[in-house]
Amino acid sequence: MIFKQHLVFILYSLCASVFKGGQGQFPITQNVTVVEGGSANMTCRVDYNDNTSLQWSNPAQQTLFFGDKKALRDNRIELIRASSQELTIKIGDVSLSDDGLYTCSLFTMPVKTTKAFLTVLGVPSRPEITGFTKPAMEGDIITLTCSTLGSKPAANIRWFRNDKEVQGSKELNATGKSFTVRSSLQFQVDKGEDGVAYTCSVEHVSLSNLYTTTEVLEVHYAPRLEISKPQIDPLEGQYFKLECVSIGNPIPEPVLWSKDGGELPDIERMIVEGRELTITTLNKTDNGTYRCEASNHLGTSTAEYKLFVYAKDFPGPTTDPNALGQHGPDHALIGGVVAVVVFITLCLIIVLGRYLARHKGTYLTHEAKGAEDAPDADTAIINAEGNHVHAEEKKEYFI
């Protein structure tokens, strides 16, 4: 009985060893990802090994290490650990050409292999923006292109106009195992683009921080002028200032002031300092149209202000003469009212004249019968009863 139990134990141990060895004969590997220029550790191991050798081979099926023996002369590859259950090697200064499937082989009968993929990330170059013309002219159509080279996988490019993202058109070209990525923006330039910053941003899995580059657009455009005036009403004896506000690139200068199409009439009271015109003491002779003018190489612009000086005791204008185009009552309205009154008066005169003409010489006596039905006095007399001979004597007229 004891012999049988001992025999069963021996058989059980042998079976366990067989199953354990069979399971452990399959190499175990892991995929590795590394940034170009970095180092990659490739590890192959088994859970159980009866002194059978392990081997690493590259994607070209060249043997790198067989156990602890180096087979390929490549100074970048070195042994980290070699045992009956593990073979770990290190590949330094990894390049895109090292990317691919590596094989770990366990030399049993038959040989058992496992693959491990080495992924090498190509680092994109810093972006570059082309297409800027300095300066750009208002109305021009320009195309900005941002480019980055050498990325794997392909990098992603984003555009920003100041802080707001804008969409560009993307172009992708493969060069070997890496990619060249370009993105373009096309737009028409106006004065609102002057000073706007365009930023190209490159995103990639190999980068811990974004790569960015920025260009600021300079736009030249013709000048535009307007005159800024004080909020107070211009009264006699007061100090009064006008400012010629201009926009344009290059800055339009110098600013020239004039009055009613000619030079300023009183340079002692009318002082010009840069863009400002100051009248030290207003009087009625200052009434008129004031103009400022400035130019740059793209054009000339002017602005006008109509000045009306009020008397000191005047309660104040109800309207701005520059808003109405003139000061004083609305002559058009008055003219319209006068025309209506004249028209109505003429109509009344015509109606009254026709009425008087129709009733001239009406016979007012009613001596004869039928006078009420006669159309006029003559007919009434002729048709009346009595002596027709004396009809002419019965006529009466209003003179």
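Heads up, the Cβ atoms here are built off N, Cα and C, so glycines get one too.
These numbers come from a predicted model, not from an experiment.
Pulled from TrEMBL:
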DOMAIN    27-119  domain 'Ig-like'
DOMAIN    127-217  domain 'Ig-like'
DOMAIN    223-308  domain 'Ig-like'
SIGNAL    1-24  signal peptide
TRANSMEM  332-357  transmembrane segment
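Averaged over the domain 'Ig-like' (223-308), the predicted model reaches a pLDDT of 92.
Secondary structure by DSSP for the domain 'Ig-like' (127-217): 3 helix, 57 strand, 31 coil. Per DSSP, the domain 'Ig-like' (223-308) is made up of 3 helix, 48 strand, 35 coil.
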